[in-house]
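For 43-64, 76-101, 121-141, 162-179, 218-242, 263-284, 296-321, the entry in TrEMBL reads transmembrane segment. TrEMBL lists 55-318 with the feature domain 'G-protein coupled receptors family 1 profile'.
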Amino acid sequence: MVRGEINFALNLSYGDAIFLQDSAGNNTALQNAFYMQYVVNGIILPILSVFGVFGNILTMVVLWRREMHSTTILFLRALVLTDTGIIVVVALTVTPFTLSFFHPGLWYFKDVIYPNVFTPVTYIVMVIQQCNVWITVSVSVERYISICHPFKAAKICTKRRTWIILFAICGISIIYNIPRIFANRSKSPCSPTDDRECYMLVDTTFGKTTFYTKVYMVWMYAALIYIIPLTLLAVLNCLIIMELMRMRARRIGTNIQDDNEANLSLILVLIVIVFICCQTPGLFSQFDFLFDPIVFIQWIAFGNTLFVTNSSVNFLIYTAVGRRFRKVLLKMFKKIFGQSVFSRSRNSGSSSDHELLETLRSTVHYRDSEVTQVNDIHKLEKIRLTS
């Protein structure tokens, strides 16, 4: 059975069958598809993951500062946590698994570790992904209320409600994905002729049912993770963008509070645009009958890259657009490196600054002396006239 969920499964074969990668044989087109998968998942993905984790750590440090305390920030904190979780889990599983088909020394990971961790790790990454998607939707709703209905925002968008929403999203995601735990299991040995330790993934009786393979894993997954969220995000962000344009036309938002709200909304709009662009390919991959098998393998590699990219680039958006984020980040860097980097830069120009200051002082003193002389002359003239 070919797995359709691209965000983790890499299009493998399960159920008493070998991996597709092992069956490429002399099929040049299939080999080229797996070489593309090797380049994307084995080289590009790790680099992207390192960058993403580093950026997300900096984002966490800034968002957990005392200055950042709004309800939107609470959502963004949860979002960066799920983003980091996705990057770490995918990088630690997909990358070594892909490399194992081209580097025989990694056979133990492919034949022993991966089959045994696939079920729990798939459950974890699907829970994190569902949380990530619906946190993005929730923060978009919060921004829509704050921008389009500002007088109601204070009553509706409270920290208490924000925490309730976050816990509800996590709880529902944990419960909803439980069926995945019972869908497949590892089996050993892979075949009666194997002379080394080897496991293979097989579908359980529940994992072979039409409900799980068609309804739950394809249609419900596509609706819950892609169709409904992407539709809501597209509508909400169109409304937010139109309201921001009206605010700009009316020249509203000149005070600090309104300006900060508009800037925060612009950040979210860009995050959602990236989210929609990166998640949309995953929607099409749920329907593998739309693709030629070789094209589908390439599409999976492309989708996995976008999946991790979506969780890695928000730091760039915060830094490029978020004025408050930049201010807090620079303040943090100045506090950390101020005694060394910033002081050296100041000291390097201290001598020239001192010379300039002395020149100014001498000039001022000279001009003061001139003024004093002029005043003395005026006084002498007045005495001469009165006498």
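FYI, residue positions are counted from 1 along the chain as it appears here.
Using N, Cα and C of the backbone, Cβ positions are placed for all residues, glycine too.
Bear in mind that TrEMBL entries carry predicted annotations, made automatically and left uncurated.
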Considering pairs 6 or more residues apart, do the transmembrane segment (121-141) and the transmembrane segment (263-284) have at least three CB pairs under 8 Å?
yes
Could you tell me the mean pLDDT over the domain 'G-protein coupled receptors family 1 profile' (55-318), as a whole number?
88
